[in-house]
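Right, one structure below, let's go through it.
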Amino acid sequence: MRRLFTSESVTEGHPDKICDQISDAILDEILKKDPYARVACETAVTTGLVLVMGEITTQCYVDIPKVVRKVVEEIGYTRAKFGFDADTCAVITSIDEQSPDIALGVDKALEAKRGELSDSEIEAIGAGDQGLMFGFACDETEELMPMPIMLAHKLARRLAEVRKNGTLSYLRPDGKTQVTVEYEDDKPVRVDSVVVSAQHAPEIDHDTIERDIIEHVIKPIIPENMIDDKTKIFVNPTGRFVIGGPQGDSGLTGRKIIVDTYGGYARHGGGAFSGKDPTKVDRSASYAARYVAKNIVAAGLAKKCEVQLAYAIGVATPLEIGIDTFGTGKISDEKISEIVKQVFDLRPAAIIRDLDLRRPIYRQVAAYGHFGRHDLDLPWEKTDKVDILKKLAGI
């Protein structure tokens, strides 16, 4: 059976991604000085303005406007004619402390209050909120990620690369990519279409941009054996993309959650990642779920695996650890679920401990995806549980 599947990505200069990077840069700066800080930092951008808001509980001081300007400058918004300039944009902050009602549940988990967990067993942290999270892995790519989102991310990163290294110096920071992959019997066989929208200087004509993007962005990224004479390529299909970034659209933290994860190929619990410290299970449990799913696929227990976790606020033990291998498992999903419970401790404190999440590691994943990042040394991408999983599964 043949089918098509599409995923998109955006560059670091996309308005929503600017916000994600600012929120995570502030989080990193705080975690450098206070690893136990509570941070829920949201950012909004529009023409000439950055608004940083949220709840932060910490003993340290961080110069938020300085962090904001540094991020905006590194992305490449350094001229007023771009409609957004690191030196001249206004930065407004509105920060409160975390609600003491939430802290009550997170600081000491419900089980610890009832005496069900000893402090020597684990530093008992209850989940910072209720919610459901998904993790996913499949054997379509070496990163154990779906092919459409990986190609879309690589195209978006390549757009930024050729802009910054001067290969295509007329490009500006905003941009989007989209890849449609054709599957036959659940295996990717060809790329059906590629869409690249790249912000550019006004004096460059469309034909030049199209030729350059195909030559310097698309050809180096899309494998030759995945393209044929029926593959459709669209470069700036409106013909012009001069006004972009926060001048073209306002941006908000947490509005690119599908780009951040699996490109729509797997389910999503709805919670965003950026700007949240690791006591927020929206973030930490999603990373843990990916860690579990990736190890299951890497161990050969399944070709495809989706892990669902669910939590109650203030309760450490997950309410659910669900496994779905979509019929690709070497053993039953129920058996895999039992093995997962033996191998992985999915209480929030254990996730934070085992994945070492109280570190300033978040700005680097705030653009181009949180998963499948072979360019980074991310703890949730390690496959260090493969041997024990194989042993317990008997394969």
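Backbone N, Cα and C define each Cβ position, glycine as well.
Not measured: the values here are computed from a predicted model.
Of the given residue ranges 98-108, 109-119, 120-130, 318-328, Swiss-Prot assigns the label region 'Flexible loop' to 98-108.
Every protein chain shown contributes to the tally, and the Cβ of Asp249 (ATP binding site) ends up with 15 other Cβ atoms within 10 Å. Per-residue confidence over the region 'Flexible loop' (98-108) averages 55 (mean pLDDT, predicted model). In this structure, the binding-site residues His14, Arg240, Lys256, Lys276, Lys280 were compared by how many other Cβ atoms lie within 10 Å of their Cβ, and the smallest count belongs to Arg240.
Sequence-distant neighbours of Gly175 (ATP binding site) (same chain, six or more apart, CB under 8 Å from its CB) are Val10, Thr11, Gly13, His14, Ala156, Leu159, Ala160, Val196, Ser197, Ala198, Gln199, Gly244, listed in sequence order. Within 10 Å of its Cβ, the residue among the binding-site residues Glu42, Glu55 with the fewest other Cβ atoms is Glu55. Reported as a whole number, the C-alpha separation between Glu42 (K(+) binding site) and Arg240 (ATP binding site) equals 31 Å. Summarising the ATP site geometry, the residues cited as binding it (His14, Asp174, Gly175, Lys176, Arg240, Phe241, Asp249, Arg255, Lys256, Ala272, Lys276) extend over a maximum Cα to Cα distance of 36 Å.
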